[in-house]
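**Q** Handing you a structure now.
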Amino acid sequence: MEEGKVERKFPVKAKLKSKARGPKQTNESKYWSSFKTRQIPNLISVPSLTFSPTPPHSFAAAHSATLTLFSSQTLSPTATISSFSDAVSCASFRSDALLLAASDLSGLVQVFDAKSRTPLRRLRSHTRPVRFVHFPLLDKLHLISAGDDALVKFWDVAEEASIAEFIGHKDYVRCGDSSPVNSDVFITGSYDHVVKLWDVRVRDSKSSVQVNHGAPVEDAVFLPSGGIVATAGGNSVKLWDLIGGGRLLFSMESHNKTVTSLCVGKIGNDFGEESNQFRIMSVGLDGYLKVFDYGSFKVTHSMRFPAPLLSVGYSPGCSTRVIGTSNGVIYASKKKVKESEKKKEIESSSFWRVAPVELTEKRVLRPSHFRYFHRGQGEKPSAGDYLVMKPKKVKLAEHDRLLNKFEHAEALVSVLESKNPENVLAVMEELVARKTLLKCVSNLGVEKLELLLVFLHKYSTMPRYSSLLMGLTKKVLEMRADDIRASKALKSHVRNLKRSVEEEIRVQQSLQEIQGIISPLLKIAGR
């Protein structure tokens, strides 16, 4: 005879609406979440990302001893510069995007033609690794560089000569930025916790303003007004009023680990009334991207990535965001644009490509695709989807937690202090099963023994609990007789216990007498 097949059915709840476990998304969170993320893998640690200031806003990524240029439309590499003898640390486009400067850890700064990628100038600027190189935004002739020798230099690119050296930092200089309103003014940030404001017209190597971030400074940027600076170091991002003499305006401490990079970006025109407003984007070793509205001093969006983040960039056209990680992956996010705007972008960027790129259809997400598993908690189910509910985690009581740790005496004392008779009986029964109840009673101190006697006095005569507590009372009196004789408080509790037991005995005797009278009458009535 064939055995019947056993079917297993898993409990599911059909056609339930999705329920977000986090807070409801704001309009700005929806805006930033609309960026579709794509991975650019197989690189080595990406410490620097920078966008071209002119359309089509290609971006350069530094990784290992290579600088790679990517298209912001297709997110594919367009050129590679590998004429470096050491790891590339930083890169910067000139304001007209015709020149591209890059530095490496050998102390060399190279200036390239951005179109042909041929080296034009080689500036042997520092004796130690160069960590920061930058073209002033409103200047086409000069370059700023700084590095681990704590020196800051101002260069004439055409002459390949250093115009000025700025000495003042006491540790590695790792970052900086130039003023968006004055090409003669720039800032530098150092591991000596200090951010300094320099003016190239002042030749005595003294900074105009300096602020102390309170931690090694990893990045520093000007805000568009030119009067406020954002600095990153430790787990905080701070805003400083330079016009007010370096006054601290706000400190954002929403990261859990070191903040590694900052950039300032503008919300696109499709965001309604708040479009064209600027935001600060910060990334850190905790894997989080934070979007900070410095007008209202609050974080408006947060996103988690599966690796420590080292760099962040945002295109001036508000359409592309790139994030570099320590494991060699670039998370490039592209804003979905209308068909008409997409055609304009492709036409404007045609001279950057050898051959036109066909518009591809939207790919369907499949289980083998990375984005399939990162669609977000607020993803709405389809009509035929089933939602399997995850059981909620039960929070254990204190005595249960102690029992799990086999701390039996502490569990007994904890449940006695809670004064819940059901829980006390449950713990005592568990200790009986573990054969440790009498051992716990023998180890109780005088104060804890008093708690036990109070409980026995109150509940040992109750019928629900008497089967266990009366036997326990007898054992307690036998085991701790010496301690009871030596303490007046314990003697008082024992006397009260004795009176309650005697009272219960009298009640039971009276009930037996009544039962003896009623039982014959009930038998007669039953005939």
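The chain as shown is numbered from 1 upward.
Backbone N, Cα and C atoms are what each Cβ position is placed from, and that goes for glycine too.
TrEMBL feature annotations, pasted as is:
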type: COMPBIAS; residues: 1-10; note: compositional bias 'Basic and acidic residues'
type: COMPBIAS; residues: 11-22; note: compositional bias 'Basic residues'
type: REGION; residues: 1-29; note: region 'Disordered'
type: REPEAT; residues: 123-165; note: repeat 'WD'
type: REPEAT; residues: 166-208; note: repeat 'WD'
**Q** Could you tell me what the rest of the chain brings near the repeat 'WD' (166-208), counting residues at least six beyond its ends with Cβ under 8 Å?
**A** 131-132, 134-139, 142, 144, 146-148, 150-154, 214-222, 224-226, 229, 231, 233, 240, 242, 246
**Q** Summarise the model's confidence over the repeat 'WD' (166-208) as a mean pLDDT value.
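**A** Mean pLDDT for the repeat 'WD' (166-208): 88.
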**Q** As a quick check of your reading of DSSP, tell me how many residues in the repeat 'WD' (123-165) are helical, how many are strand and how many are coil.
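**A** Residue counts for the repeat 'WD' (123-165) by secondary structure: 0 helix, 24 strand, 19 coil.
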**Q** In the repeat 'WD' (166-208), how many residues does DSSP assign to helix, to strand and to coil?
**A** 0 helix, 20 strand, 23 coil
